[in-house]
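Asker: One structure coming up, written as structure tokens, with questions to follow.
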Amino acid sequence: MRAGLLEGVIKEKGGVPVYPSYLAGEWGGSGQEIEVKSPIDLATIAKVISPSREEVERTLDVLFKRGRWSARDMPGTERLAVLRKAADIIERNLDVFAEVLVMNAGKPKSAAVGEVKAAVDRLRLAELDLKKIGGDYIPGDWTYDTLETEGLVRREPLGVVAAITPFNYPLFDAVNKITYSFIYGNAVVVKPSISDPLPAAMAVKALLDAGFPPDAIALLNLPGKEAEKIVADDRVAAVSFTGSTEVGERVVKVGGVKQYVMELGGGDPAIVLEDADLDLAADKIARGIYSYAGQRCDAIKLVLAERPVYGKLVEEVAKRLSSLRVGDPRDPTVDVGPLISPSAVDEMMAAIEDAVEKGGRVLAGGRRLGPTYVQPTLVEAPADRVKDMVLYKREVFAPVASAVEVKDLDQAIELANGRPYGLDAAVFGRDVVKIRRAVRLLEVGAIYINDMPRHGIGYYPFGGRKKSGVFREGIGYAVEAVTAYKTIVFNYKGKGVWKYE
């Protein structure tokens, strides 16, 4: 892989590039060296240096004592200019960023390029976040207690925000969390996934080159357990976390009383009504299952089709999944690349076996093709047994979904709402009355009509209910989690309260 922006920052050791952490002012780290393996062939492609406990302490101290003020005191127009310049830098280096995403995250080239472009767009649209920063004026005329007073309500940055990012969008998620934290005047400490931390390092370098205050950002390459010290630290006022529900619950337990954006487990249901365009539904559902090998929180995991169209629908979805080419993502003809690790394939195969043992039938795929490669899979599940299956009860982060024939919309809604997650749902059909009923009753954060769920750059807000998280991400919507209200009350009663000159 090319060093790109990090040339001069990366050192080589035994022919392997070594990426440092960024410690709120300097690149470095004296902790352990952690191997970074490519999911393509499990070869070591880099190492990252984690900071020592003392370096973490010093970094948080810099962010808290200086960095949060550097970010807050920088005029909003200058913050916006920094983010726009960073977008230009990333865009100029698109090929290098995409190459790293292919090698480190195992994304097919087209998906990697798409993620880089999404990061660029997110940075350029930061000005839309500013539309949500306004406050309120409250006259005190309406209660005896507040007569001759008035109040102003304003939003202020919290200080230091911890951005904990997942492996599936290692560039975009880092850029997104940094963007909305910084545009509102916060300093940011980024803890990337240790599976693919390289894109986040490149993003931080682009931001620094664009003029980001050097003491207002940090990148700490820490394994999960060691990262708890960031979350638990009282100098960190908010945590923006994307990852599994289990880890998210641990983050809240360790972090205690502070503000959180939690984008957690998902896996979405897709409901197909009897009057749906079946070609459209099959196309969207298949793509929702296999895109980035199903390693997306908004991937389709449960297909619920009304009885008159069920047979044709699952036949078409199975046909599309069976036609996909699985393999090395560096090959432009490949549709589906590897899962992030062999253990992810193990989990998928165990879930398929569990489904078959409980009455399920594999309609497409179902075979392991290598340590990290697997066929996209559709499993037919009886309506009266599906709730017992791992595929229903848990989010299996892989290209696999179960399909259930339902007698009507109400049964579909009941099965969709029965899962512990509530991120998104898709509904395919033409009957406006039925669609409106689904919109009202589905317990999810977003509903996509005649489309697959896809959060994209967050142009529309996203986030879930139940075990899928709290608060929302998306342009302008994370303001709730990374700022605080401050109320200022003016008293005009009595003589000598105000001096007029």
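Every residue, even glycine, has its Cβ placed from backbone N, Cα and C.
From Swiss-Prot, here are the annotated features:
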type	residues	note
BINDING	Arg72, Arg79, Tyr184	beta-D-fructose 6-phosphate binding site
BINDING	Arg72, Arg79, Gly134, Arg154, Arg155	AMP binding site
BINDING	Arg72, Arg79, Arg154, Arg155	alpha-D-glucose 1-phosphate binding site
BINDING	Thr165, Lys191, Glu228, Ser244, Gly265, Glu395	NAD(+) binding site
BINDING	Thr165, Lys191, Pro192, Ser193, Ile194, Gly224, Glu228, Ser244, Gly265, Glu395	NADP(+) binding site
BINDING	Asn168, Arg296, Cys297, Asp298, His455, Gly456	D-glyceraldehyde 3-phosphate binding site
ACT_SITE	Glu263	active site
ACT_SITE	Cys297	active site
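Can you tell me where each of these features sits in this structure?
Answerer: Taking a C-beta cut-off of under 8 angstroms and a sequence separation of 6 or more, Arg72 (beta-D-fructose 6-phosphate binding site) has the following same-chain neighbours: Pro157, Gly185, Asn186. Mapped onto three states, the DSSP output places Arg72 (beta-D-fructose 6-phosphate binding site) in helix.
Taking the Cβ of Arg155 (AMP binding site) as reference, residues of its chain lying under 8 Å away and at least six apart in sequence are, in sequence order, Ile133, Gly134, Gly135, Tyr184, Val479, Thr483, Ala484, Tyr485, Lys486.
Within 10 Å of the C-beta of Arg79 (beta-D-fructose 6-phosphate binding site) we count 23 further C-beta atoms, all protein chains included. DSSP assigns Arg79 (beta-D-fructose 6-phosphate binding site) to a helix in the three-state reduction.
The Cβ of Thr165 (NAD(+) binding site) has Asp173, Ala174, Lys177, Val190, Lys191, Pro192, Ser193, Ala200, Thr242 as same-chain neighbours under 8 Å, each 6 or more residues away in sequence.
Cβ neighbour count for Glu228 (NAD(+) binding site): 15 (other Cβ atoms within 10 Å of its Cβ, all protein chains included).
Sequence-distant neighbours of Cys297 (D-glyceraldehyde 3-phosphate binding site) (same chain, 6+ residues apart, CB-CB distance under 8 A): Asn168, Thr242, Glu263, Leu264, Gly265, Gly266, Gly267, Glu395, Leu423, His455, Ser468.
Residue environment of Glu263 (active site) contains 26 other Cβ atoms, counted within 10 Å of its Cβ in all protein chains.
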Asker: Using a Cβ cut-off under 8 Å and a sequence separation of 6 or more, which residues in the same chain sit near Arg154 (AMP binding site)?
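Answerer: Once residues fewer than 6 apart are set aside, Arg154 (AMP binding site) is near Gly135, Tyr485, Lys486, Ile488.
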Asker: Among the binding-site residues listed here (Gly134, Pro192, Gly265, Gly456), identify the one with the smallest other-Cβ count within 10 Å.
Answerer: Gly134
Asker: For Ser244 (NAD(+) binding site), what residues in its own chain, 6 or more apart in sequence, show a Cβ-Cβ distance under 8 Å?
Answerer: Leu264, Gly265, Glu395
Asker: Is it possible to get the count of other C-beta atoms within 10 angstroms of the C-beta of His455 (D-glyceraldehyde 3-phosphate binding site)?
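Answerer: The answer is 25.
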Asker: Using only the residues recorded as binding NAD(+) (Thr165, Lys191, Glu228, Ser244, Gly265, Glu395), report the maximum Cα-Cα distance in Å, whole number please.
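Answerer: Those residues reach a largest Cα separation of 24 Å.
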Asker: Please give me the CB contact count at 10 A for Asp298 (D-glyceraldehyde 3-phosphate binding site), counting all chains in the structure.
Answerer: 22
Asker: Which entry in the list of binding-site residues, Lys191, Arg296, has its Cβ near the fewest other Cβ atoms, using 10 Å as the limit?
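Answerer: Across Lys191, Arg296, these binding-site residues, the one with fewest Cβ atoms within 10 Å is Arg296.
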Asker: Taking Cα atoms as reference points, which of the binding-site residues Arg79, Glu228, Arg296, Asp298, Gly456 is nearest to Ile194 (NADP(+) binding site)?
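Answerer: Answer for the nearest of the binding-site residues: Glu228.
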